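Novice: Here it is, the structure, as structure tokens.
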Amino acid sequence: MECRERRLAADLIALSSVEGLPVSEAAKRLCMTRQGLYKLLKQLRAEGYVAEGSVVKLTPKGRDFLSGILRDLLRYFNIASIRLVGRVVSGLGEGAFYISLEGYKRAIEERLGFTPFPGTLNIKLDPQYMPYRRYLDGLPGVVIPGFSNGLRTYGAVKAFRARVNGVEGAVVMPERTHHPTDVIEVVAPVKLRDALGLRDGDVVEVEVLL
């Protein structure tokens, strides 16, 4: 990594810790003067790493840069799992429909080793865990192939074995989804809301096995 890239990495890591904060508050948290932070933000905005606005926010380019660093670090340290934390949110009920389809159900049984409860647990991730979520996009995972029932074609799903508060399951990432990127879906052999006594807003921890 060149000197400029090392400096950029340090700056973006620091800024990621204060995303969403006004510049004045972010400067205090980072032990910087407002003038110093404004100067840094101006430079990084010009390079496309930080978004315009009154609060600190990385652009997709900035997040992709950090995701690349994370990927290299996890590979170097041979990390076997990552931890995601978020809050339970309600979905639209689509998970129950899709998981109950024979094509998906059978493939999950064959490739993940369990019969899925017909439904998914939706978790909205805390912002600081988004670099880890984006890291999963670049991994192969376990592919649940798409299929057609003669009337409609259903897309492939990438999955990662996982534990939700200790309960075995899998994070599923459909190639077609209505969820924003900060919401993940988890399938399991049991109804996770009941098994773990979860309600909307409850904090959950997901250990994703790589």
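Backbone N, Cα and C define each Cβ position, glycine as well.
Feature list, courtesy of Swiss-Prot:
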type: REGION; residues: 1-81; note: region 'H-T-H motif-like'
type: REGION; residues: 82-210; note: region 'Riboflavin kinase'
type: BINDING; residues: Gly91, Leu92, Gly93, Glu94, Gly95, Ala96, Val190, Lys191, Leu192, Arg193; note: CDP binding site
type: BINDING; residues: Thr120, Asn122; note: Mg(2+) binding site
type: BINDING; residues: Thr177, Glu185; note: FMN binding site
Novice: Which state, by DSSP, holds Leu192 (CDP binding site): helix, strand or coil?
Specialist: helix
Novice: Given a 10 Å Cβ-Cβ cut-off, pick out the one of the binding-site residues Gly91, Gly93, Gly95 that has the most other Cβ atoms nearby.
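Specialist: Counting every other Cβ within 10 Å of each candidate, the maximum falls on Gly95.
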Novice: So of Val190, Leu192, which of the binding-site residues has the fewest other Cβ atoms within 10 Å around its own Cβ?
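Specialist: Minimum Cβ neighbour count within 10 Å, taken over the binding-site residues Val190, Leu192, occurs at Val190.
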Novice: Starting from each candidate's C-beta and looking 10 angstroms out, tell me which of the binding-site residues Thr120, Asn122, Thr177 has the most other C-beta atoms.
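Specialist: Max Cβ neighbours within 10 Å, all protein chains included: Thr120.
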Novice: Quick one: DSSP breakdown of the region 'Riboflavin kinase' (82-210) into helix, strand and coil?
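Specialist: Residue counts for the region 'Riboflavin kinase' (82-210) by secondary structure: 33 helix, 48 strand, 48 coil.
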Novice: My understanding is the cutoff is Cβ-Cβ under 8 Å with a sequence separation of 6 or more in the same chain; which residues meet that for Glu185 (FMN binding site)?
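Specialist: The answer is Gly91, Gly95, Thr120, Leu121, Asn122, Ile123, Val171, Val172, Met173, Pro174, Thr177, His179.
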